[in-house]
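Lifted from Swiss-Prot, the feature list:
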{"type": "ACT_SITE", "residues": "92", "note": "active site, acyl-thioester intermediate"}
{"type": "ACT_SITE", "residues": "382", "note": "active site, proton donor/acceptor"}
{"type": "BINDING", "residues": "224, 227, 251", "note": "CoA binding site"}
{"type": "MOD_RES", "residues": "25", "note": "N6-succinyllysine"}
{"type": "MOD_RES", "residues": "119", "note": "phosphothreonine"}
{"type": "MOD_RES", "residues": "121", "note": "phosphoserine"}
{"type": "MOD_RES", "residues": "127", "note": "phosphotyrosine"}
{"type": "MOD_RES", "residues": "136", "note": "phosphothreonine"}
{"type": "MOD_RES", "residues": "137", "note": "N6-succinyllysine"}
{"type": "MOD_RES", "residues": "143", "note": "N6-succinyllysine"}
{"type": "MOD_RES", "residues": "158", "note": "N6-succinyllysine"}
{"type": "MOD_RES", "residues": "171", "note": "N6-succinyllysine"}
{"type": "MOD_RES", "residues": "191", "note": "N6-succinyllysine"}
{"type": "MOD_RES", "residues": "209", "note": "N6-succinyllysine"}
{"type": "MOD_RES", "residues": "211", "note": "N6-succinyllysine"}
{"type": "MOD_RES", "residues": "212", "note": "N6-succinyllysine"}
{"type": "MOD_RES", "residues": "214", "note": "N6-succinyllysine"}
{"type": "MOD_RES", "residues": "240", "note": "N6-succinyllysine"}
{"type": "MOD_RES", "residues": "305", "note": "N6-succinyllysine"}
{"type": "MOD_RES", "residues": "310", "note": "phosphoserine"}
{"type": "MOD_RES", "residues": "333", "note": "phosphoserine"}
{"type": "MOD_RES", "residues": "344", "note": "phosphoserine"}
{"type": "SITE", "residues": "352", "note": "site 'Increases nucleophilicity of active site Cys'"}
């Protein structure tokens, strides 16, 4: 929808994204959000006591404190005890949804300043044993369930997420070569943006322990900037014989978090915040679960229609790269301009910590739009189970 009140982004930060089992594996999703929240509060000069609500998106609930996630983040960073907190889950759209829900609270005047976040520690996703709480039968083998793999499989249509991408490849005539070439482009664009310092404004460095002692992590760990097309072409398909999806052209499992602080126009004036961008509108749409990756098409189309804008008005477009064929299907459907779409690479390069990607995309669009002097940007993600979500922002510089 288009917003009923003026809502502005006054801070947007994210952690570097860690590789699966990498440098961030010992930090919980709560820890990661705390790092991003502290950085956002500091960068936006937002006193914690001005926060009226804390909303954090998280999917896997992978740590023992996950049920308390948003509440603990607020308390850790000094938000008043009286301020409420909500942990939500719209799967891969959770980071975007935290901002959408924050906008709704501001538009209904339930809040004036909201700390919105998205986070995931995929590395900490546990194995579980079901049906043992009330005892087991003699001789019954206990089965360990990988909660991460289970979460990436849609039991309703009995398809792993990768197969939904294969369905899109077949429907839109997308070849394996198309996918590998796009994956290479994602890595190369990430490399160019990283070397140019284009992630610096959004990044919240983290001190990590390594074999060489403590060091500051400020670069995404999953990216493989030296990747070649030949290397990508040599990888086997994962989900289907002669398929298109490989480990090299799918988003990387990773760990990371982002925080976007939003405020009403009244709060911006009252607290003298510096608005970085205005939230123009958003849209959520359902789609066929068997081709869930096409979700950004109705989501982006719906958001633009509500806002009275078109794709030509957008200076930047960022669609989460869950899988190369999924992104290419969206690009083909909407006829997206490659020169302004995913300009700094995407999840194929830097990883997709489920709940964190919407926050990461929004933070990057905020700062990249300002760097380029553009006016409008739209970010979007497909969502397992068959949904899409999108968010339109406007540069206030």
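Note that Cβ sites are derived from N, Cα and C of the backbone, with glycine treated the same way.
Overlay of Swiss-Prot feature records on the structure.
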residue: 143; record: N6-succinyllysine; contacts (Cβ under 8 Å, 6+ apart): 129, 130
residue: 191; record: N6-succinyllysine; contacts (Cβ under 8 Å, 6+ apart): 223, 225, 345, 349
residue: 209; record: N6-succinyllysine; contacts (Cβ under 8 Å, 6+ apart): 26
residue: 212; record: N6-succinyllysine; contacts (Cβ under 8 Å, 6+ apart): none
residue: 214; record: N6-succinyllysine; contacts (Cβ under 8 Å, 6+ apart): 207, 208
residue: 240; record: N6-succinyllysine; contacts (Cβ under 8 Å, 6+ apart): 163, 166
residue: 305; record: N6-succinyllysine; contacts (Cβ under 8 Å, 6+ apart): none
residue: 333; record: phosphoserine; contacts (Cβ under 8 Å, 6+ apart): 172, 294, 297
residue: 344; record: phosphoserine; contacts (Cβ under 8 Å, 6+ apart): 189, 190, 192, 193, 198, 199, 364, 368
residue: 382; record: active site, proton donor/acceptor; contacts (Cβ under 8 Å, 6+ apart): 92, 292, 293, 294, 295, 296, 320, 322, 326, 330, 388
Here the recorded positions are 121, 227, 251, 310; the one whose Cβ sees the most other Cβ atoms within 10 Å is 121
Out of 224, 227, 251, point to the one nearest residue 171 (N6-succinyllysine) in space (Cα versus Cα); all of them are binding-site residues in the record. 251
Between C-alpha atoms, which of these recorded positions comes nearest to residue 251 (CoA binding site): 136, 137, 211, 310, 352? 352
Using DSSP, would you call residue 344 (phosphoserine) helix, strand or coil? coil
Taking only the CA atoms, the spacing between the residue listed as 'phosphotyrosine' and residue 121 (phosphoserine), expressed in whole angstrom, is 14
For residue 25 (N6-succinyllysine), just count the other CB atoms lying within 10 A of its CB, please. 15
Reading the DSSP string in three states, the entry for residue 224 (CoA binding site) is coil
If you take the centroid of the Cβ atoms of 224, 227, 251, the listed CoA site, which other residues of that chain have their Cβ within 8 Å of it? 183, 186, 187, 222, 223, 248, 252, 348, 349
Pairwise CA distance, residue 310 (phosphoserine) versus residue 224 (CoA binding site), rounded so that it is a whole Å: 34
Including all protein chains shown, what's the count of other C-beta atoms within 10 A of the C-beta of residue 211 (N6-succinyllysine)? 4
